[in-house]
Amino acid sequence: MATKCGNCGPGYSTPLEAMKGPREEIVYLPCIYRNTGTEAPDYLATVDVDPKSPQYCQVIHRLPMPNLKDELHHSGWNTCSSCFGDSTKSRTKLVLPSLISSRIYVVDVGSEPRAPKLHKVIEPKDIHAKCELAFLHTSHCLASGEVMISSLGDVKGNGKGGFVLLDGETFEVKGTWERPGGAAPLGYDFWYQPRHNVMISTEWAAPNVLRDGFNPADVEAGLYGSHLYVWDWQRHEIVQTLSLKDGLIPLEIRFLHNPDAAQGFVGCALSSTIQRFYKNEGGTWSVEKVIQVPPKKVKGWLLPEMPGLITDILLSLDDRFLYFSNWLHGDLRQYDISDPQRPRLTGQLFLGGSIVKGGPVQVLEDEELKSQPEPLVVKGKRVAGGPQMIQLSLDGKRLYITTSLYSAWDKQFYPDLIREGSVMLQVDVDTVKGGLKLNPNFLVDFGKEPLGPALAHELRYPGGDCSSDIWI
């Protein structure tokens with residue numbers, strides 16, 4: 001799916017060229033059975049999203065992993081637009097790190113895109129021996145041809161934000177990207193911008209803290225992250241630590257797609273803020289809060305105040321719109337970021353959540369809403385959970401949404417999700433004036449899977465997307 005040229009590698013030459021790419025016809029997403037009561041392996045689902053297809057909105061293939069309780073989570077590619085100039089590279093393998101087992105699965109999606117098959121399994125012992133890292137999260141492909149995967153911890157479940165390097169051809173474990181002893185205290189997501197010789201990583205919590213659920217006392221004890229780590233891209237070492245004001249649990253991080261840009265955004269889940277990070281004239285980096293989702297005072301919930309819980313953010317490929325999900329409040333938002341210092345709300349849509357009418361939670365005080373939103377029913381299915389992982393079409397006109405965050409937190413905050421399974425929804429985007437509208441004809445119900453209700457997570461398109469590809 002590369003731009004047509006005589007001697008191109010994978011992906012597209014620029015983010016704006018990517019916007020001209022073909023419409024998505026299938027998507028890949030991991031489905032999780034850990035913590036659901038179903039003793040079955042996680043699997044990679046292939047879903048038909050072509051409205052002209054007779055199999056539209058159907059799971060057309062399932063690839064089960066050979067082990068139980070891996071907790072598949074995010075995925076990345078063997079190569080992407082960072083290797084566009086290398087015609088020897090081809091985007092044919094999807095790399096799936098396991099959040100809990102620390103196993104890495106490499107899946108062949110090139111031979112038969114509609115029927116992926118397992119290519120290689122990298123066992124935890126190989127990663128432990130060469131890297132002393134575990135609990136793996138984000139996978140990004142590098143221009144060097146390597147694959148880089150972030151970690152949350154060490155083998156014992158203590159916090160350790162390091163990076164596993166894989167050979168992009170053989171998928172052998174090469175070691176760590178960071179220098180020996182140079183890991184961050186905690187880890188989660190990362191994004192790099194080579195033209196500014198920088199990578200920035202985020203942090204969730206130590207695996208031992210989050211593995212079995214959320215305990216508010218752990219927040220009081222300072223066990224959850226509130227920093228960004230600025231790395232020298234060439235020297236592979238931390239050069240600055242940014243402390244976030246109102247920035248508890250910084251998760252997904254996105255630089256602007258323009259490789260010349262020296263700024264981006266991070267979503268801070270528990271504080272429910274969007275923070276803008278940027279490079280100063282002297283070469284150091286700073287951060288400022290640009291969006292705050294106010295908490296709601298509630299009755300009948302875990303705490304007296306409910307945060308929005310921003311769990312995923314995306315930037316459109318033209319760097320015009322920012323999207324994020326409030327998993328607990330239940331709304332999906334669109335902001336115009338033409339002026340990155342002053343994002344402007346242009347679209348908001350409620351897709352379930354914890355404050356719907358008729359539910360166990362009563363909202364006592366709300367700075368934003370006059371009444372609690374209606375429950376979401378799509379094609380006769382009442383949707384459990386709230387909007388979580390989001391993926392945008394290349395042209396920016398369609399958003400796909402799944403409702404599961406992480407099995408242990410799903411079980412705690414949305415027990416209905418465990419019983420009924422997650423769903424995949426699609427939202428139409430107005431890219432002229434701004435605005436979001438649910439497609440009432442689109443529903444993939446993972447509650448009806450053959451082995452029982454499953455928890456579907458992050459989406460990927462075969463040709464890359466706005467959270468998998470980095471331009472250099």
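Cβ atoms are placed via backbone N, Cα and C, with glycine included.
Here Swiss-Prot flags ALA2 as N-acetylalanine, drawing on a large-scale study or a structure entry.
Look at Swiss-Prot and you will find SER111 (among others) tagged as phosphoserine, backed by a large-scale study or a structure entry. Following the DSSP three-state reduction, the secondary structure of SER111 (phosphoserine) is coil.
Summarising the annotation, Swiss-Prot assigns phosphoserine to SER371 (among others). Contacts of SER371 (phosphoserine) defined by a Cβ separation under 8 A and a same-chain sequence distance of 6+ are given as LYS357, in order along the sequence.
As annotated by Swiss-Prot, phosphoserine applies to SER467 (among others), with the evidence given as similarity to another entry. Taken residue by residue with DSSP, SER467 (phosphoserine) is part of neither helix nor strand, so it is coil.
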Seminar exercise, completed: Most isolated by CB count within 10 A, of the modified residues SER111, SER467, is SER111
